[in-house]
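Feature annotations, reproduced from TrEMBL:
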type	residues	note
DOMAIN	24-205	domain '3-hydroxyacyl-CoA dehydrogenase NAD binding'
BINDING	GLY29, GLY30, GLY31, LEU32, MET33, GLY34, ASP52, GLU117, LYS122, SER144, ASN168, LYS299	NAD(+) binding site
BINDING	SER68, LYS75, SER144	CoA binding site
SITE	HIS165	site 'Important for catalytic activity'
DOMAIN	218-307	domain '3-hydroxyacyl-CoA dehydrogenase C-terminal'
Amino acid sequence: MAFFTHQITRTLCSSAVRNAAIKHVTVIGGGLMGSGIAQVAAVTGHSVVLVDTSEDILKNSAKNIQGSLKRVVKKKFADKPEAGEEFVQKVMNNISTSTDAASVVQKTDLVVEAIVENLKVKQALFSTLDKVAPAHTIFVSNTSSLPIADIASSTARLDRFGGLHFFNPVPMMKLVEVIKAAGTSQQTFDALLDFTKALGKHPVSSHLIQHCFSLRTLQASLLSGFMNEVCHGSKEDIDVAMKLGAGYPMGPFELLDYVGLDTSKFIIDGWYEKEPENPLFAPSPLLNKLVAEGKLGKKTGEGFYKYK
C-alpha cells in the first residue's frame, strides 16, 4: 500500500510539473551568480524573490543588479533615456528580496540554489525547503562541481530535482547546462529546458555520466593551460587573445577576478579531491599564492589585476 501511495503521489506531482509553467522563481544566494540569475529571470517577466542571510547582502545584490541593468540601458536605449529608465524600473519591480527562504518557497514554482559549493550546506538547505515547498515546485542547483543526485538525496522529490548550470557573467553568457540526474523525471527536465529558453538562453542537455558535467573537463583543461601559460607570458595578452580570437566576452583572468579567486580555488580543490589522479584538476600554485595573500579579485581590489 505504501508503495502504491508513493507511486500515485509521484504521478500527480509529475503531472503538476508538466502542466504548470514556471512563473515564480526563488533564487537562493545573492552573490554574483544568484544576482545574475535573478536579473535575467526578472528581465524576461518572471516574478523573482532573491534570498540571502542578511539585508546588507541583499541591498548590495540589488545595487549590483541595477548597475548591470544601467549598462544594458547605455547600449540598448542610448537615444531613449526615458525608455531606459522605464526598463530598469520594470525589471526591478519584478524582484523582491527576503531573508526567510522557508516562507518564500511556499508559493514558488522553481527554486534555484546558488550558494557556497559545500555539499552538506546545500543538502541542509534543500532538506528544509522540501518540507514546506508545494508538490509542484522544482528544485535546481547551480553547482559547477557537485553531483546533483547527492544534493537531491536530502529531499523526497528526486523526480523534481535537476541542475541549471549558468555561466558568469550570467546576463552576458547565453549557455546554460540543463542537468538530468538519475531520478529527474522527463517532465521536470522538459520544464527546465523550456524555462531556460524563456530566459533567452541556449540550453544544452547534460545527462550525468558518472556524475560529471559535460563542460567541467573542458573548463579545467582551459584553466590549467591558462595558469601554465601566464607563468611564461602575459595575462593581458591571453585575455585579449581569447576575447578577440575565441569570442570570449571576458578574458579568463578577468573572469577569475570577477568570480573571485577564493571561489575558483574552492571549486578546483573540490574537483581535485574527487579525482586526485587527474592532472587537469591539479591545484594551481599561482592561484593558491594569490588566495593566501588575500588577493581574491575585484572584491578585494586585487587579484590577477589591480582595481581602483
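One is the number of the first residue shown, and numbering goes on along the chain from there.
Here the Cβ of each residue, glycine as well, is placed from N, Cα and C on the backbone.
Spatially, by CA atoms, the recorded positions GLY31, MET33, ASP52, LYS122, HIS165 include one closest to LYS75 (CoA binding site), and that is MET33.
Across the domain '3-hydroxyacyl-CoA dehydrogenase C-terminal' (218-307), DSSP helix (H, G, I), strand (E, B) and coil residues number 61 helix, 3 strand, 26 coil. Neighbour list (LYS122 (NAD(+) binding site), Cβ cut-off 8 Å, at least 6 residues apart, same chain): GLU113, ILE115, SER141, THR143, LEU146, ILE151, SER154. When the alpha carbons of ASN168 (NAD(+) binding site) and SER144 (CoA binding site) are compared, the span between them is 11 angstrom. Looking only at Cα atoms, SER144 (CoA binding site) sits nearest to HIS165 among the recorded positions GLY29, GLY31, MET33, HIS165. The record assigns GLY29, GLY30, GLY31, LEU32, MET33, GLY34, ASP52, GLU117, LYS122, SER144, ASN168, LYS299 to the NAD(+) site; their largest pairwise CA distance measures 24 Å. Among the binding-site residues listed here, namely GLY31, MET33, ASP52, MET33 has its C-alpha nearest to that of HIS165 (site 'Important for catalytic activity'). Geometry remark: GLY31 (NAD(+) binding site) versus SER68 (CoA binding site), CA distance 13 Å. Sequence-distant neighbours of SER68 (CoA binding site): residues of the same chain at least 6 apart with a C-beta under 8 Å from its C-beta are SER35, GLY36, GLN39, PRO169, PRO171.
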